Amino acid sequence: MDLNLTGNFTFPNSKQNQSSMCLPYKDEVWVKALKGATYVLIIALSLLGNSLTIYVISKKKAMRSTTNFLIANKCVADLFITCVSMPIVTMVNIQGFQNFTSFTLAFIVCKLNPVIHGTSMESAILSLTAIAFDRLFAIVRPLRKVITTSKVRLIIVGIWVVSLLTLVPLLYVIKIEFTAQDGGHYLCYERWPEGFDQELAAKGYTLVLFLSFYGIPLTTMAVVYVIIIQKLWGHGMEITELLPAFVRRKQETNRKIFKMLVTVVLTFALCWLTFNVRMFLGFFGETNNIPCTLQPHLYFMAFSIAHSNSAITPLIYYFFNQSFRRNFKKVACEIVPFLRRCGNEENKFLGETTNDTMTNRSVRLSRYDSEYRAKGESVHRQKLGASRRRTSSLATSTA
């Protein structure tokens, strides 16, 4: 059994293809250190960025939109990959493949990790697909809220249910068996039920996972975003200038969000491309021509580039979206001690802005009050003068 889309590893102690497997290979110390440091950086950035994104969306009312709820759902999926799969991949890259002497370890690595990894990966890309449709409806039907907050909750639940059901077969087909060979250890291998061609079933299931994880969602998003491009940039400059100011501002906001989301999707596609290429090479027998000394490095490259997406995506939110950037800075100023000064400066700035606003408002009110009083006094003098003239004329006529 070779590498598959679910994140399951090549099992060196598998019953299958033992004759064609490479002998155990161990890197030099500096290579292990480099691989370990790479994953430590990816894990740290992913934990910080995704946790911060979820916190900002959940705590800041202005950030609670349907699109941001789906972004938070992708962050949750990335955190599952970060907390479960990345440590296992790090262990394998540093220690190399080891025989499983514990059933618990064999169960975690062979069964639990592939299901969690695959479910999280599919949930992430389905969340991006839902975001694409949410933006399409927001642009095509701006006066009608097609995907409401209650609907987006159902969509998120549906995403996780569909993703989990897609990976459930692995819990059944991956077998764990104890053998007394080599001092006794557990074997992990894939066995489909009787009546299935083992090789054909494995390849067919891998193809299904590829289409549901990568091919179909990316193709769907490409079509949706092409439609959005036509809606946002299809009008000429002359027609755009004739639109009301608030409509032009809304279009500009939609364009900025569109650029951010397209960058997120392209980054996802590129990061997971090497993983899918390695998966196809492994399952369709093309890795036999790759030198054994090179295969562990290709394995590390495929997983590290794919997992780096979890660390890169929050950075895209920060650099492309002003609301995320502003709230990230606020949270950083609240949490990190040596950044509290920036929070004080921000509050000072806000206070100065408020004082300036109040001062300007007071000046305007004082000016208005002065003008009103001046006009009132002038009217009063005019009325008083007219009254005096009227009294004088009456006195004259009486005389």
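Quick reminder: no glycine exception, Cβ is built from N, Cα and C everywhere.
As written in TrEMBL, here are the features:
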- 381-391: compositional bias 'Basic residues' (COMPBIAS)
- 49-317: domain 'G-protein coupled receptors family 1 profile' (DOMAIN)
- 374-399: region 'Disordered' (REGION)
- 36-57: transmembrane segment (TRANSMEM)
- 69-94: transmembrane segment (TRANSMEM)
- 114-133: transmembrane segment (TRANSMEM)
- 154-174: transmembrane segment (TRANSMEM)
- 205-228: transmembrane segment (TRANSMEM)
- 257-277: transmembrane segment (TRANSMEM)
- 297-320: transmembrane segment (TRANSMEM)
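Note: the stretches the transmembrane segment (154-174) and the transmembrane segment (69-94) are in contact (3+ CB pairs below 8 A, sequence gap of 6 or more). Residues 63-64, 68-69, 71-72, 75-76, 78-79, 81-83, 86-87, 89-90, 93-94, 304, 307-308, 310-311, 313-315, 317-318, 324, 327-328, 331 of the same chain lie 6+ residues outside the transmembrane segment (36-57) yet bring a C-beta within less than 8 angstroms of a C-beta in it. Per-residue confidence over the domain 'G-protein coupled receptors family 1 profile' (49-317) averages 87 (mean pLDDT, predicted model).
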